[in-house]
Structures are given as structure tokens and as C-alpha cells.
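Data first, discussion second: the structure below is written as C-alpha cells.
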């Protein structure tokens, strides 16, 4: 194995590395200044030329803006490593490649092939590397150097005297949690690096137990792919999907710190533009909504809104004339619209045309066709189309629908559920029923994460969710506001007569067209991404997988997770079963086998639960010990005991983070007690959970997160709460990086009875 030298004073080496790193930052500052000047020059260019000239200017402005953001994003940890090679040269490795004006390489980007040896080289296969040095920094100051000698025979006597060592990986693992995930670019291990650099095409499944670095590997892989396949991915972008908004916020700093700022991060509940689905619902309801039978339910709900008159005919009065829409006439119009194979809202145009043609025929017949020419008939047809009575009749028979309206009204009506879900048992239809609660902007709600795949399914069947008349009215109103604002600006600046309000408003509107790839993709449900990364992928339901697959027609994906941690009732039992409907067997598996995060003492407890889950599974190998034994405490008043323990653990971890993981039935009571004991504590999985020193969460809300200390409450109740109780317990026990306590009033489950009492 590689020879790791003991830590020792390294004043001269620190000074040498400090001088080099200072030079790198000087070059970075120079590039920032040049890019800022170039951006300023572009913005000052005259915009009165052709549309092509304006487009070119905006394209250059976007290019310089992106480059400047990248240069600022790598401020922390710009350089983190050095390779000393057999040939005698040295190669510095960092977040960004840097060269001087003569194009001599100062530092290579960690994603380049040249940097691969920094992560892959071993004593058994040194790949031409004599020494690998990790460089630790705080701000722009070098704080430490750690050396690994991979080829001792090739090390010169001078180099032997400059060796310094402390395992950089273990130092990083021992650091307190901050509430945000940090990157691991300086400490990527060989098995992680092989996955990060795997090819772009196809579906890569990364299976790994707790603490194996699945999330970090997935994010670093996204950064690597964007760097390596920039031409293929720049226009389509990369989508990263996580289990919750809190998780997305937890990881949001990683990719910018790696120099990538144009990736869309989204939870499953945010995959439908305009909706952030965070409402809670019973696990069995979410399970049902994740079932593939919902495909037919939604399709039937759409068909049920394409109606025939209740009687033999629908009568309507237009200008004192009584017109009739016979049931047979409406049925023919409906069949013709359906045969168009267009989505519901697009097919509505066919239906409207047929209905209006029939009404026009009746009006013409009533007034005498000989007295009317083609122009007269066309005018009658246009008037009928705009007639309120006709519009009301059409809306009854074939309404324009949004996904929100369709699902909201479906779930609110037992009768509608019975018609659309006639193949569902009555008990399941009752699970889907809920009152109609309108929300200000997007129709009925509030929405749950399990609703989002149904909204997306409905959007596929309905087509455009904007009524043409409403769209035109909105466009006109937007233009009116822009003109009014432009007139106000011209008045303030005293520029009336020099440029018109219409010209100024037009230039403002053009500026809105130049959005980043991520910004454009976020608002476009039909956007096709170049690559999709799904974290905690085992939690996705079959319906959620349909959404994800739509977002990436090429099926270029990285899916990371652990089927042993599946908590969602509609989640995965096996990767093959999940992927077969979409890619058959055209996927490949990579495994992470080393647990870098969770101490051995904790994993001894958690692995007993894992064995109960699946006796044949091989747990990930823990690589460190904390020296702190997990404990259990029984108390008659478990709520009070948890509050006291939370205060104790906060003091024990200092600046670190504490999580209290409790059954749903106890969350409110425990949350109240903990906040009373620790006033700046947080309750629930909202965005504030990441910043609080102590956070009270359900196990589901803790998915993908990590804490310095974890208190697990009433494990027997966790086991009984859902059919996946053992999975939940396993997840709860493995959220910690240092300390673990269990508090209970009921007897411990047999699988935990080996815990030491306190």
C-alpha cells in the first residue's frame, strides 16, 4: 500500500506551496479582470444595428458572463493537489485549468485525463507517479500538505526530506457538518473516480450503502460529463433530481464550487414547472398514486371530460334563434376530434370547428341559403364562434383543461373518481378523494410530490395548458405593461422623441430571451436534457420514472441509490424491475463498497438491521472508528428525554449538526419539546432545517442528509409505522458521521438490544 508519512512540521514546504498557490490566485485575478473588461466592452457596444448584430452581442455577453461566474466559483480550494512524476516534472491539480500567457500549464483541471492519476494511482500501480501531495487551504492560505509515496525507489533523497503526511480523506471526514454538502474533489477515491469518468451514453446505476459517497460521486460525475462532453451537453443541459427541496438545497453549492453553474437541480416535487409540491399525505395514498394504474385513471379522466348532451339534444338561444346540438351530431364531432390523435386541448379545435359548422348550417337554413354568399356564411361562422352561448355549450361538452384543473376536480368528486376509476376498488378511490382547495396561481392544490407524475401525465394528454383566447389576452396585457414602463423610463430620463416606447420595450423583451440553459429548461416541461442524474433513485415510484424518462429521450442517465434504504412504499425492490419497462436490460451496474462517512461503531449496529432486511447482502466496509459507542436510553417520558438529549448533543458537537429522527406520530410533540430546550432548533424538512444546530425530522425527510449526531426516537414505532419500517430504521441509524443515540419508552426491537444502556 502507499506509504503515508507521519505528520511533522513542514514550514519550508508550506512556504513553497504557499508561493505557488499565491501565483495561481494572481493568475485567477488577472483572468477575472480581463473577462470583466471584455464583458463591459460588449455591453457598451451600439445596439442600433441589425438583429444579427444584437444577437451576436448578446451571445458574447452570455459567454463572458458564464466565464466570469466560473472564475468566481473556484475561489475556495482553487488548488488541492500535486503529482510528482518519475520523469521529474510536477503537475498541480485543481478545480480549474490555468495557463500563463505563453500557454504553459500552471494547473490542470481535475476532470482532465492528465489528472486521473491523482485519483487512481496506487503503490501497486503508481502510473508513473512518485508522490501524490494533497494541499489543504483556507481561503488563499495553505494550511497543510499531506504526502503519499507511491514509488519509494524513485524518490530522491531531497524529496524524502520534504515528506509530510496526514490522510487527507480522514481529515475531511472528521470535519463537522455545516448543513451543506461540500465537494470531495480533493479526496476522490479510486473506485469513485472510475464511476465519475464512466462513459456518457446509456444508463449507469450506482449502487452503494450509506456513507459510500453516492451523492458526491453523482455530482462530480455531472461536472465531469459537462467538461468532457461540453459540445453535446451545453445546449441541452444536465438535470439533477433529488428526493426533497431540502436535499436540493443541501447539494446546491457543490457544482458551482466545481466550476459548473448551469445545471438544473430539482426535487421530484418540482419536476412539473410552476408547481412546488411539498404537501404531506399518508404513505398508502402516495403508494397508490405511484402505481402504473394511474396512467389509465388519468386517461379515463380526460375522456370523461369529452361529453355528449345529457338528453337527446342541447338547445341554445342565439339572437332569439333556438339552435340544437343533437346527441348524434355531437358524437360525430367528438369521434372526429378523437381520431385526430391530438392532445385534448388541440383536438378541441377540431371539435369546436365541427360544432360551429353545424350551428352555422342551422342559421343559414333559417335565413335562406340563397340570400347569403360565402362571405356572409363566413361572417355568421365567426360570430357564432365568439357567441357566449356557443362558448358555454362547447365548454360543457369539451372544456379547455389544465392538468391542475383536471386532477383537482377529479380528486374532489367521488362521482368523477367512480367514472374514471371504475377498475379501482372503492377503498382505493376513497384514498384518492380529497377536497378541492384552490390556490391563487396554478389552480387546485396544494400538491404532494406523488401528484407531480400525475400532473405530468395529464399534461401529456392535454397538450398546451393555455387557452388561445386567454394567451392572446395575456400577451396583450404584457405588451401594454412593457410599453407603459418604457414610457415612464423615457419620461424620467428625458428621452421622449429620441426613441419610442415601443422600441425600448422591444429591446427589453429581447433581453428576456437570453436565459441560461438551466433557466430555460426550468420553465419548459418538454425540455429534453442531455443527461439526467437521479439521487436516492430507489425512492422513485413507477409513475415518477415515467416523468424522468420523458425528460431525457436519449436515456443518458446516472442513477444512484441503495435498494436496502428504500422507504417509499412505491419505491424500488430491485434495479432490474425499475428499469425493464424503459430500457429493458440496457443498463450497467457499478458498486461503491467502502463506507467513508459512518463510523465502524455505528455500522456494527446498522448492519444487524441490514442483515434482518437481507441476509445475503454484503455491507459496505467502514474505514474509520470514532471512539464513541452508540447508546440507548429508556425513559417513561420519552418526549422530555429527547429534549434533554438534544440539548446535550448540541453541546457535544459544538459547531456541528444534530438530527432528531422520530415517528410521524410523535413529530409535533417532540418538535415542541426540542424547540423549548434548544430555541434555535428547527422542526420539519423545510429549507431552514439545514441551518439549524438541531433539527427534528421524520426519517423520510432525512433521506440523503448527514449529521454529526443523530438521536433515533422509538425505533419500535418506526418499525410499525409502514411496511418498510426496517428500511426506515436502517436509514435513521446511518445518518450520523460521529454520534448515535436511541431513546425509547417501549421495548427495543430485538435487532437493537445489543446497544449499551445509558
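Glycine too: its Cβ is placed from the backbone N, Cα and C atoms.
Just so you know, TrEMBL annotations are computer predictions that nobody has curated.
The annotation ATP binding site is assigned in TrEMBL to 208, 209, 210, 211, 212, 213, 214, 215. Annotation comment: TrEMBL describes 187-599 as domain 'UvrD-like helicase ATP-binding'. The region 'Disordered' feature in TrEMBL is assigned to 39-58.
Taken together, the residues of the domain 'UvrD-like helicase ATP-binding' (187-599) have an average pLDDT of 87.
Around residue 209 (ATP binding site), taking its Cβ as the centre, 27 other Cβ atoms fall within 10 Å, counting all chains. Counting every protein chain shown, the number of other Cβ atoms lying within 10 Å of the Cβ of residue 214 (ATP binding site) is 23.
Neighbours of the ATP site: apart from 208, 209, 210, 211, 212, 213, 214, 215, residues of the same chain with C-beta atoms within 8 angstroms of the site's C-beta centroid are 562, 592, 595, 596, 597, 620.
Less than 8 angstroms from the CB of residue 210 (ATP binding site) sit 562, 565, 595, 597, 598, 603, 606, 620, 730, 731, 734, 735, each of them six or more residues away in the same chain.
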